[in-house]
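Visitor: Can you keep this structure in mind? I'll have questions shortly.
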Amino acid sequence: METGASSENNGYEVIKNGSWFIQFRNGYNPWMARYVYGLMFLLVNLLAWVVRDYGRGALTEMKKFKNCKDGLNCLGTEGVLRVSLGCFLFYFIMFLSTVATSKTHSSRDKWHSGWWFAKLLMWPGLIIFPFLLPSSIIDLYGEIAHFGAGVFLLIQLISIISFITWLNEFFLSQKDAERCHVHVMLLATIAYTLCILGVILMYIWYVPDPSCLLNIFFITWTLFLIQLMASISLHPKINAGFLTPSLMGLYVVFICWCAIRSEPVGEICNRNAESSSRTDWLTIISFVVALLAMVIATFSTGVDSQCFQFRKDENQEEDAIPYGYGFFHFVFATGAMYFAMLLIGWNIHHSMKRWTIDVGWTSTWVRIVNEWLAVCIYIWMLVAPMVLKNRQIT
């Protein structure tokens with residue numbers, strides 16, 4: 001038995017350290033499985049977009065569903081929610097069935113990494129199932145999806161901040177400290193330069209008139225938050241360096257830009273609003289990039305389960321799973337709610353124009369609150385060790 005288990009572990013090591021071709025050729029392994037789940041998630045995103053923007057062509061087929069009321073209740077915003085619910089159900093079932101997995105070669109590990117024929121039957125079945133439900137249940141799911149999407153954003157924030165702090169620790173732990181210090185200063189300088197450039201461009205593009213007080217507030221407050229993070233990070237009692245606040249500053253500038261870009265078409269303070277109302281190649285490219293970025297963010301966050309472990313296991317066992325399967329599927333389940341909110345502008349009674357994503361005042365304020373929350377989490381991660389240490393002393 002030990003020889004069999006040892007050969008299986010050696011086989012897993014070959015797959016893990018091999019090329020993508022080796023990983024895909026050996027179908028029953030978790031490294032290949034995560035890409036398949038990511039591809040399935042992308043296909044569902046595309047399906048939701050097609051139902052929203054081009055669902056009229058399927059109107060005749062939709063009439064066959066009893067709860068679609070001549071097909072109208074299964075298209076547009078409600079169609080997106082129905083597809084999202086099917087996707088959520090699939091990944092939530094996978095979450096429940098893999099959440100306690102800790103060892104490779106176990107039955108739950110094989111279920112996560114294999115059984116693709118069964119999943120290819122279950123997946124479309126669950127996508128179709130919500131189209132049989134009445135609109136009242138879909139509206140209820142739409143309200144719950146607001147909370148689920150918020151959970152996804154919180155998980156993504158913690159994952160990004162953890163990566164930034166890990167990057168800083170990686171540079172500080174290098175043997176050649178002086179050389180790494182030069183690299184850190186150079187990277188921080190570039191990041192701060194991009195932050196200032198981003199703020200200036202936002203003032204130029206989104207404050208064409210002094211009456212644009214809300215945009216002035218958003219941009220100016222972002223600039224203040226960048227300064228606040230730098231001041232706290234460089235405080236003698238914290239001394240977290242230049243790199244982490246500079247990268248966090250770059251991140252919050254990006255979120256602020258996304259927030260202002262989400263303002264509705266027709267606002268005089270958004271110069272890009274008029275051009276975004278026309279469907280041209282730039283609009284289509286922006287939509288595709290935003291869609292792919294959302295899928296990639298969901299995939300990368302799902303794999304990064306270690307940043308949510310309170311105790312790091314330095315001596316990981318040979319047969320331990322490479323990433324948290326339950327956490328992976330949970331992120332995709334909340335990601336299904338998140339992509340629905342992006343496609344309907346966080347408003348279940350809101351109809352979106354073609355080739356648009358995450359547009360509306362609700363979307364703008366979700367982004368802004370997300371930015372402020374990111375700063376609060378980062379500052380807490382800086383001051384928490386000192387605060388908790390002082391409590392223990394007293």
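For all residues, glycine too, the Cβ spot is worked out from N, Cα and C.
So TrEMBL lists the following for this protein:
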type	residues	note
TRANSMEM	32-51	transmembrane segment
TRANSMEM	72-94	transmembrane segment
TRANSMEM	114-133	transmembrane segment
TRANSMEM	145-164	transmembrane segment
TRANSMEM	184-206	transmembrane segment
TRANSMEM	213-234	transmembrane segment
TRANSMEM	240-260	transmembrane segment
TRANSMEM	281-303	transmembrane segment
TRANSMEM	323-348	transmembrane segment
TRANSMEM	369-388	transmembrane segment
Visitor: When you look at the transmembrane segment (32-51) alongside the transmembrane segment (323-348), do they share 3+ Cβ pairs under 8 Å, ignoring any pair fewer than 6 residues apart in sequence?
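Guide: Yes; at least 3 Cβ pairs under 8 Å.
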Visitor: Compare 72-94, 114-133, 184-206, 240-260 by their Cβ pairs under 8 Å to the transmembrane segment (145-164) and return the stretch that comes out on top.
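Guide: Maximum Cβ contact count belongs to 240-260.
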Visitor: Restricting to CB pairs under 8 Å, which listed stretch, 72-94, 114-133, 213-234, 240-260, is in contact most with the transmembrane segment (184-206)?
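Guide: Selected stretch: 240-260, with the most Cβ pairs under 8 Å.
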Visitor: State the residues, same chain only, that lie 6 or more residues beyond the ends of the transmembrane segment (72-94) and have a CB under 8 A from a CB inside it; answer 'none' if no residue qualifies.
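Guide: Same-chain contacts beyond the ends: 37, 40-41, 44, 47-48, 51-52, 55-56, 58-59, 62, 65, 112, 122-123, 126-131, 133, 135, 138, 141-142, 145, 148, 329-330, 332-333, 335-337, 339-340, 343-344, 348-352.
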Visitor: Under an 8 Å Cβ to Cβ limit, what residues of the same chain, 6 or more beyond the ends of the transmembrane segment (240-260), are close to it?
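Guide: The answer is 160-161, 164-165, 167-168, 171-172, 184-185, 187-189, 191-192, 194-195, 198-199, 202, 206, 215, 218-219, 222, 225-226, 229-230, 232-234, 270, 358, 363-365, 367-368, 370-371, 374-375, 378, 382.
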